[in-house]
Amino acid sequence: RNTEWVRTTMRTPGILIFGMVMAPCGWILSLVTTVAPNWRTLHGVTGVPVDRVYEQGIFDVCIAATSTERQNCAVTDTAYNSNNIIEISQGLMLASLIVNLVGIAFAIPGVRCWKDQPRWGLCTVGGILIFCAGVLTLIPVSWYTHILKDISTDFVRTDTRAGYCLVLGFIGGIFEVLGGIVMSIGCCRCCGGRNRGERPIEDVLGPRSQPKREPRRVEVPSLSRPRSSAASSYPASNRESVDDDMDVSFPRAKSPGARSGANNPSFTGRPYDADL
């Protein structure tokens, strides 16, 4: 038997709130990872002062001084830019940003915070796209981290360190993956409908096992006094005497004429004869 489900509140389900918070946060972190030139840093570069550090990203290379906040970008590094991972990372990071925005665009009309019932189909599509955006972010970040010291460059250095962009990329990708998975859980009803904030209609209206109470029957005593069979078997003359006895037993039931006759002993109950 198909169970009917209802929502008892207009609050947006928690899985949709979680997804709509994690997706924009992941997108911002992925954007910073893409544009910031700090995927790795080169220390102890030959021919430059000791306090100078080269910061390399996927779109730009900068040189900065550790003692000041001064930074010069647009540094030419032909060997670094010719690595295959740089071109692939550029494409994947841009694709991640675009796919995440498309997923959020699908999720917004699906969540419908102003309505009591979300559109779970749109939410599921948006969650899948946000999940894919997270995967597109994690692939280049993980690959770059794995071959961090093997990426060629024009500068001879003594030390190579991971930059903060890799940390932000991992965090942003994980945010997007988690947000997409949680939002996609709404495609099916599980955990007794709690993932969608729904409950069976039987639980809302009352338990099915409780039997219906029948209305209580109240017996009203009859006011009419049944005539006994012994009285009905008497002859007519005897029946009149029984009726007289009943009138004596129930004085309130007597007629006004009978009541006046009882007060006047000379009254015989016979009709008045004018000839007498």
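Backbone N, Cα and C define each Cβ position, glycine as well.
Values in this document were obtained by computation on a predicted structure and should not be read as measured data.
The annotation compositional bias 'Low complexity' is assigned in TrEMBL to 221-239.
TrEMBL lists 201-276 with the feature region 'Disordered'.
The transmembrane segment annotation in TrEMBL covers 12-32 (among others). Cβ atoms under 8 Å from those of the transmembrane segment (12-32) belong to residues 93, 96-97, 100-101, 103-104, 107-108, 110-111, 113, 118, 123, 126-127, 130, 133-134, 137, 165, 168-169, 171-176, 178-180, 182-183, 185-186, 195-197 of the same chain, restricted to positions at least 6 beyond its ends.
Sequence annotations record features per position, and here TrEMBL assigns transmembrane segment to 88-108 (among others).
Annotated transmembrane segment per TrEMBL: 120-141 (among others), in sequence order. Under 8 Å from some Cβ of the transmembrane segment (120-141) lie the Cβ atoms of residues 16, 19, 22-23, 26-27, 30, 33, 58, 85, 88-89, 92-93, 95-97, 99-100, 102-111, 166, 169-170, 172-187, 196, all in the same chain and six or more residues away from its ends.
Taken from TrEMBL, the feature transmembrane segment applies to 161-186 (among others).
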Worksheet item: Which residues of the same chain, at least 6 past either end of the transmembrane segment (88-108), have a Cβ under 8 Å from a Cβ in it?
Response: 16, 19-20, 23-24, 26-27, 30-31, 33-34, 58-59, 122-123, 125-130, 132-134, 136-137, 139-140, 143-144, 173, 176, 180, 183
Fill in: Long-range Cβ neighbours of the transmembrane segment (161-186) (under 8 Å; 6 or more residues past either end)
13, 15-16, 18-23, 25-30, 32-33, 36-41, 43, 55-57, 96, 100, 103, 107, 118, 120, 123-124, 126-135, 137-138, 140-142, 144-145, 148, 195-196
